[in-house]
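Some notes on the structure that comes next.
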Amino acid sequence: MLISFSDSPEYIRRTKKPFRPPQASLAEVRAVVPKHLFEKNTLRGMLYVVRDVTCVLVFYELGWRIDPFAQACGQSLSPVVASIVRCALWATYWIFQSLAFSGWWCLAHEAGHGTLSSISWINHVVGFTLHTFLLVPYYAWRSSHHSHHKATQSLERDENYLPKTRSDYRLPAEHIAHPSDYHEIFEETPIYTLIRMIVMQAIGWNYYLLTNIMGNPSYPPGTNHFRPSSALFKSHERSKIVASNVGLAVMASLLILWTSHVGFWSFVRFYLVPYILTNHWIVMLTYLHHSDPTLPHYRSKEWTFLRGAVSTVDRPLLGWLGRFFLHNVSHDHVAHHLFSTIPFYNQPYVTEAIKTVLQDDYNYDSTNSFRALYRTFSQCCFIEDDGDIVFYKNKDGKAVRILESDLKRD
């Protein structure tokens, strides 16, 4: 058990290896990916949609049987057993329904990239429907997400999880700073860290959509994913942002109508709790894709598309459950950033192909994902204001990885 929550050999190896920017070209990487992997199969894509919709409906129907089953256990055994059974079954429902909801989120994400079908309107109908059910503004998030793909790990242009700098925290210059300067800002009890993590995991996604928190700081105050005139969007996108908002209003109305029929407590158990857990899975996987002590961020002088794309990390999040419900989104995220128009079901083959070219520049981390989440949350504190290639520094003001060029200068 202790070993499973330790840092993985891959992570430890990266911390000991001085970083050199990838030397391969995008053309070299593209050349090893078979052309047939780029082909979209509408029937196959729709079968995944049907499968995921079926999972949600089956879990929903099973959910209605939990209380009668627990009550029957109480009559034949004891009230204590009934309570234990009821709690265990509801916890199981919440976990699996949240994973099924997350599958919808991932399929809508794929639809936004146009990979479910070669027919554009099919992608948009499916993506809009699935995301709207989860109260996600499909067109709005699709727009900012595409911008993220165009500028991954760029400190000037990326859209998500941009690090705060030394000056943001008003820390002394590195050459005069003492450990106490860092500890005063970043030192906190494990319980407080855990509470902050829970808050981020529970409402971080909603807060990002509403306020652009942890988005690009170059946007003006008030930037969000719901205002059509937001700086996130181009003028020709504004009608689609309105459409996203109308969809959300309709979904909210349907939820209110359904709640009036089944009762508030049923709304909480069947939709709200799985919805919150879905947000947790989405924040967890997106945060871990791009935030890690061993991953670089680039300023404009050193950034290229390939460097940004491979500065993410593949993780076996939730093992086979992640493969099944989350559609390879974490297992093959490097491949997805290099070739986001390739369908998710072909991405495992892309991963194997690009490894032959990227070699040590391919990032994988088998660290237990909950351990990795805590590690990233507690150790990725800030970056320096200068430097064209930078790594996160921890609460002691130290980076776990150094540049090969700096080592040679020393």
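Note that Cβ sites are derived from N, Cα and C of the backbone, with glycine treated the same way.
The domain 'Fatty acid desaturase N-terminal' annotation in TrEMBL covers 18-57. The transmembrane segment annotation in TrEMBL covers 76-96, 121-141, 241-258. What TrEMBL records for 89-361 is domain 'Fatty acid desaturase'.
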Taking DSSP helix as H, G and I and strand as E and B, the domain 'Fatty acid desaturase N-terminal' (18-57) has 26 helix, 1 strand, 13 coil
Segment-level pLDDT (mean, integer) for the domain 'Fatty acid desaturase' (89-361)
95
Sequence-remote contacts (6 or more beyond its ends) of the transmembrane segment (241-258), Cβ cut-off under 8 Å?
128, 132-133, 135, 137-140, 143, 225-228, 230, 233, 267, 271
